[in-house]
Number of protein chains: 4
Amino acid sequence: MSVNTFGRLFRFTTWGESHGPAIGAVVDGCPPGLALDESVVQPFLDARRPGTSKFTTQRKEPDAVRILSGVFEAPDGVQRTTGTPISLMIENVDQRSKDYSDVARAYRPGHADYAYDAKYGFRDYRGGGRSSARETASRVAAGAVARLVIPEVTIVAYVSEIGGDLIDPANFDLEEIGNNPFFCPDPAAAKRWEAIVDDARKSGSSVGAVVECYASGVPAGWGAPLYGKLDADLAAAMMGINAVKGVEIGDGFAAARLTGEGNADPMRPNTETGPDGAPEFLANHAGGIAGGISTGQPVTCRVAFKPTSSILTPQPTVTRPNEKGEREATELFTKGRHDPCVGIRGVPVVEAMMALVLADHKLLQRGQCG
Amino acid sequence: MSVNTFGRLFRFTTWGESHGPAIGAVVDGCPPGLALDESVVQPFLDARRPGTSKFTTQRKEPDAVRILSGVFEAPDGVQRTTGTPISLMIENVDQRSKDYSDVARAYRPGHADYAYDAKYGFRDYRGGGRSSARETASRVAAGAVARLVIPEVTIVAYVSEIGGDLIDPANFDLEEIGNNPFFCPDPAAAKRWEAIVDDARKSGSSVGAVVECYASGVPAGWGAPLYGKLDADLAAAMMGINAVKGVEIGDGFAAARLTGEGNADPMRPNTETGPDGAPEFLANHAGGIAGGISTGQPVTCRVAFKPTSSILTPQPTVTRPNEKGEREATELFTKGRHDPCVGIRGVPVVEAMMALVLADHKLLQRGQCG
Amino acid sequence: MSVNTFGRLFRFTTWGESHGPAIGAVVDGCPPGLALDESVVQPFLDARRPGTSKFTTQRKEPDAVRILSGVFEAPDGVQRTTGTPISLMIENVDQRSKDYSDVARAYRPGHADYAYDAKYGFRDYRGGGRSSARETASRVAAGAVARLVIPEVTIVAYVSEIGGDLIDPANFDLEEIGNNPFFCPDPAAAKRWEAIVDDARKSGSSVGAVVECYASGVPAGWGAPLYGKLDADLAAAMMGINAVKGVEIGDGFAAARLTGEGNADPMRPNTETGPDGAPEFLANHAGGIAGGISTGQPVTCRVAFKPTSSILTPQPTVTRPNEKGEREATELFTKGRHDPCVGIRGVPVVEAMMALVLADHKLLQRGQCG
Amino acid sequence: MSVNTFGRLFRFTTWGESHGPAIGAVVDGCPPGLALDESVVQPFLDARRPGTSKFTTQRKEPDAVRILSGVFEAPDGVQRTTGTPISLMIENVDQRSKDYSDVARAYRPGHADYAYDAKYGFRDYRGGGRSSARETASRVAAGAVARLVIPEVTIVAYVSEIGGDLIDPANFDLEEIGNNPFFCPDPAAAKRWEAIVDDARKSGSSVGAVVECYASGVPAGWGAPLYGKLDADLAAAMMGINAVKGVEIGDGFAAARLTGEGNADPMRPNTETGPDGAPEFLANHAGGIAGGISTGQPVTCRVAFKPTSSILTPQPTVTRPNEKGEREATELFTKGRHDPCVGIRGVPVVEAMMALVLADHKLLQRGQCG
């Protein structure tokens, strides 16, 4: 089966293949009255756009978004959402017309080629087709709309680790994230990563990365227990991003090594929010979620990206059954453009998925609890 | 909002609070004709049942399941599923009628008390109410039904780490899992864990744990890209279990430190499955899932459980607003029974969620691709 | 496939067979804080209960409902919904242990026996099993909860026609609905219907009926275009009731014979709601719904119930394949208790479905549009 | 809320407004391997296309569909579905740039203008925006894909009544449906309808219609009881079409006037299907559905279309609140192009919705029951 829709009240459906004419998303359930035109969405796509530095794939895509429905000029003269589906389309421009006969015939190890073939019996093999990370542009576009729904929330993601090299918390500076091609909040680490990623690129290898994301301003009470928990929805959202293999909320696996005392998030009355307001938490091991419901603390998660599977070193693999009905052993390596560290461009996607999950839960909470 | 249903074609809905008269699950979409009576479900509940060793909570619950619908004696004289909803009910027996006035008035840190109150404005505070891990008995019962749908699959889960102490792969022996109260496949580790968990219990503290689970026999092709990916659904299923803070598929976070070559899962023709059959994989870094679709290799995941939040050491917390509308600072500690390591009893729950996700995806694949 | 859940935000899932130990419903997504105990639900079940007059089936069921979860004593001392799933259970008491060998072997014409067998390959044939109208007791129980969500709405249903004999609008008196066993607002028609239904009962025949329902107090703006339109959801809700074969909104089929002028629902400013308030409609051909969204006028629908298929006259039918794998021609007639006019007891079910749809749409509207 | 997705396994999501740049549908869950290119879809759009006779609106739309994703050239050289989402786009060409200031300011009676404004607080008023019947082109396109999923089924719809004038069953000839602009199977009636519809057109009035549809070849066993019944899903599908006010399955409201004997659908062994095959039914009052599940007989339904609300006769209505916050009384009439009988062009839409529902249920049945 295909399930290309995400969300419950705030939903989006994506379509499109890496080398088809276009990709896109339909956002449904967006509240009416939010100011939206292409200029609201484009900056987020630009942040994810390939070809902007030598550390990402050299595919050149303008990724210019068009909004085809769901907006209209409001009485105040501003183009706003009408509450009807918002169709977002991005044309594919730089689908290099290379020769795909090798990947048509055999499966690239580490990619979804074999799995898609086993599932559907047939696949669009050009550039990974539907399984290409190109689809994440649609998520980023939808995420830009989701952000309009949750103006009270600030979402920040960054890379905290590349190829096993970690940022130093002592150097952490949010302002630095935009100053380097790695979304890295530690300028010293960014410097080191240049060499790591460039080495991987030159040798045709690839490296993994960890992306961290937090959302502040989320009020207590978002989350739909027990099977639409906020953390479970976030886990699905993040694990569903191409190349992601692990997700942590709050302390994650480290929590498994703490004692109950070490993991406690004590509370006290909060002088800022007033005597009956939200309590002040003295720690946030939980990552802002308890029982699947937000606590009012920042929602935090960590996401592990595997190294790009596209590498220059030939890997043993098999072909589709030939005319005699037999698979043959062969080798494949990536000839074309690729991302030496796919986790870098995952940052805007992680942010988008965080926004999409939170927007959905805000509406759900409003629906049930008023 | 509440979302108490899980799954798409094979779905289950749970209900019930820790100290209400009963808990239960309604399983919907189960194929007809599967042999099912209480004796099929009960062994799985017995494995999760509290009070079976000093290493788990002393609440004594028989956890006897009743099947109230969805089964009927087939022409062959065997009670079988009819394809209609299967209602499973488990009565609560040992809801100790202790004094709950302290937790009624204040929030237990690390628990969902404050979050539920913030969300719903009101809560059943007895033993955690709906947020209690007692609800997982319903999942285990539903999971027992799910297993009937996927007889080709073998699911095994075990604890691989408690309080930071890991099993030794050299000692790994599946047969040992049932020989100790920790679901531990390494008898030497099990011995050490006795001391670790007993120390935690005696000191009123708690420790975390990591549970690993794998499913073998899953054919290639299960998974519903792009927003019902098998790994994303597993991530949601596992992250939604009480006390879970992290989920990994395959190599998980370790993959982020590998190179593309080190993380490759090469393939070759498989002499066992025949010349046109499934290829043989030479590694399984991916954990049996690529592009959100199973590859035919074992599906593997790791799940991090935080230490139980219920501890004897008093923790600072706040009260609900009093008659003057003000929260007060106070302290709470756990008086009653508790699990010193909630991850242990998480093992049957992890297995159940794996079964539930796989059963759903088997039906989805059959529905779309025939 | 089975789909035993109805609704989007306010959802209910039913389970149970006619002759199993019990039937029930799990209501999920109900807002917290609503006063609810068994006494709130029971009166609606009593209105639907069989065996209350000679004009309905003689099966005697107390239909006593138990609430097993989702409620708790609030600080004000009143038992209230907590926002978690509400499990409602009704025990089956009067499952007469008659001999079912004939219906086990052959299919009752007009019933779902053959269809269930064709679908599932197997069925609980006792009293129709899952396809029995007994399940509608669960809907009525869930509907009683739904009404709490929409206190601003008044729902009234009644029988307008039995066996082709219509009520006279000139005699229409809502007060009369409770004064006769037919939910008939026209006392003269009720008198006539006694003979019609009694004749059918005595001769072992049955008659059809039309139920009309309206909901006043529905504000403008409920409905989820384009595939969750209020009228489409109502159509599904009503058509899904046992024995229903037709649904009309507003003028229904009569509208197909009107001209555009005759079908117009003109508006004018409404002095009651104030100068900027909802307009006053000068007609309601549309039945209170335009474009799938409520207009603020009463929502009206008409529902056609076929005559009960259980009759004393033997009907030709076929058996399940015998040991030689062959179907045999046979005849079946209803030996047991039956409703001579199933539409009568459909009235509380129609009301319940109206309440369930409206409650869901109220929450949906609040979720999206705030 | 907006819900612009229909279906469970075979789903489609539509987007677009009457006067936006384009409209479209994303079909998700379509099985792989079905031959599909634009030429498969276009004929169905041509049948629905406006401006083809003087009996329908004079808006000229080529309604040329583009397939933007989900298809690829298969090894056999044929373009086929890949199992991924199929994006269908139709550009709006003839959005006449007329002056919309009157409908911007006031609500057209009988249209969804007021309801949308009450719901969303704001609307795209040009040509009805999202509520325009123009959106049904997307349904027809999606329906063309659905037909590929159910090659065993033949779907035929036709108009049986216009302005109260019925076809004569004695004249019924399926071949005639394509020979007149009314989809009328009775040539004599078609002749009469020319005058009826032309009179309505000339006088700026409109007339209603009844569309009948049947699907033969549906095997027994499709339908998802109890809340995804085949008849309930059909009822929702049909009632959700613009201008529809009533739906009947089988005998519909006429069944309410039959006795149990008169409404019986007896069975006997079927010599054609073999001794263990599907039985032969001696009548089809049920319209091919019992208990919400198909019986193997033709699935039949009737759909009532109200007269088009767009008429030349001015109708009283109200404005949006003016700068003083007050609604004003005014009158509106339709200046532009309109369909004098919207039911005529409803025929391809009814067929499409029938196909979409059946395709979904075929996949659901295969998923659950194999």
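Cβ coordinates are placed from backbone N, Cα and C, and glycine is handled just like the others.
Cβ-based neighbour count (10 Å, all protein chains) for B:LYS54 (NADP(+) binding site) stands at 13. For B:ARG48, B:LYS54, the entry in TrEMBL reads NADP(+) binding site.
Look at B:ARG130 (FMN binding site): DSSP puts it in a helix. The annotation FMN binding site is assigned in TrEMBL to B:ARG130, B:SER131, B:SER132, B:ASN242, B:ALA243, B:GLY291, B:LYS306, B:PRO307, B:THR308, B:SER309, B:SER310, B:ARG337.
In sequence order, the binding-site residues near chain A, meaning those of B:LYS54, B:ARG130, B:SER132, B:LYS306, B:THR308 whose CB lies under 8 Å from a CB of that chain, are B:ARG130, B:LYS306, B:THR308. Sequence-distant neighbours of B:THR308 (FMN binding site) (same chain, 6+ apart, CB under 8 A from its CB) are B:SER206, B:ALA243, B:HIS338, B:ASP339, B:PRO340, B:CYS341, B:VAL342. Counting other C-beta atoms within 10 Å of each candidate's C-beta, the binding-site residues B:SER132, B:SER310 are led by B:SER310. Less than 8 angstroms from the CB of B:ARG48 (NADP(+) binding site) sit B:ASP63, B:THR136, B:ALA137, B:VAL140, B:ARG345, B:PRO348, B:VAL349, each of them six or more residues away in the same chain. Checking the binding-site residues B:ARG48, B:LYS54, B:ARG130, B:LYS306, B:THR308 against chain C with a Cβ-Cβ cut-off under 8 Å leaves B:ARG130, in sequence order. Looking at B:SER132 (FMN binding site) and B:LYS54 (NADP(+) binding site), their Cα atoms lie 20 Å from each other.
Within the same chain, the residues at least 6 positions away from B:LYS306 (FMN binding site) whose Cβ sits under 8 Å from its Cβ are B:GLY208, B:ALA243, B:VAL244, B:LYS245, B:VAL342, listed in sequence order. Neighbours of B:ARG130 (FMN binding site), defined as other CB atoms within 10 A of its CB across all chains, total 30. Rounded to the nearest whole angstrom, the C-alpha distance between B:SER310 (FMN binding site) and B:LYS54 (NADP(+) binding site) is 16. Between the alpha carbons (Cα) of B:ARG130 (FMN binding site) and B:LYS54 (NADP(+) binding site) lies a span of roughly 25 Å. Taken residue by residue with DSSP, B:ARG48 (NADP(+) binding site) is part of a helix.
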